[in-house]
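Feature annotation from Swiss-Prot assigns disulfide bond to CYS25-CYS36, CYS53-CYS142, CYS119-CYS134; the stated evidence is sequence analysis. Feature annotation from Swiss-Prot assigns domain 'C-type lectin' to 32-143. The signal peptide annotation in Swiss-Prot covers 1-23 and rests on sequence analysis.
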Amino acid sequence: MGRFIFISFGLLVVFLSLSGTEADCLPDWFHYEGHCYRVFDEPKTWADAEKFCSEQANGGHLVSVHSRKEAGLVGVLAYQTLESPIVWMGLSKVWNQCDWGWTNGAKLKYEARAEESYCIHITSKKKEWKSLPCRNYGHFVCKSPA
């Protein structure tokens, strides 16, 4: 367990040193590859979290993940900040269709979900994607363009 925390912390330090805090991100937001990220420790339903993210930054949404590297970053940020296993992402069923879609309109290119349901959260420790009813409360990560 101690080694896992040490490695996770090391990854976070590497991400921080490579990305830094850009002037284009709001205070307390983390910059990475042209986007700003922030973990919020305020449990909300998925819809309330998405609304909150859109109010925090121009173009803000619940986090969308498009690569294994970005998934690792989000998992490390969430794990270092939160004790909760539930961290909402911006992936959900779109208007009762069979298609999954990101709240920012981006196409789904990368996924690691464990099962289907309504809204997806990332487990902060294992960094796996799982589904829960959207009415459940969870912490969340917002993402916006830098």
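Here the Cβ of each residue, glycine as well, is placed from N, Cα and C on the backbone.
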Within 10 Å of CYS142 (disulfide bond) (Cα-Cα), which of the disulfide-bonded residues CYS25, CYS119, CYS134?
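Near CYS142 (disulfide bond) by Cα: none of them.
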Closest of the disulfide-bonded residues to CYS53 (disulfide bond), Cα to Cα, picking from CYS25, CYS36, CYS119, CYS134?
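So, spelling it out, the nearest of the disulfide-bonded residues is CYS36.
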Cα-Cα, whole number of Å: CYS25 (disulfide bond) versus CYS134 (disulfide bond)?
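If we compare the Cα positions of CYS25 (disulfide bond) and CYS134 (disulfide bond), the gap is 28 Å.
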Restricting to the chain of CYS119 (disulfide bond) and a gap of 6 or more, list residues whose Cβ falls under 8 Å of its Cβ, or answer none.
TRP46, TRP88, LEU91, SER92, LYS93, SER131, LEU132, PRO133, CYS134
Using DSSP, what's the helix, strand and coil tally for the domain 'C-type lectin' (32-143)?
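Computed counts for the domain 'C-type lectin' (32-143) are 25 helix, 38 strand, 49 coil.
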Report the mean pLDDT of the predicted model across the domain 'C-type lectin' (32-143), rounded to a whole number.
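Summarising the domain 'C-type lectin' (32-143) by its mean pLDDT gives 85.
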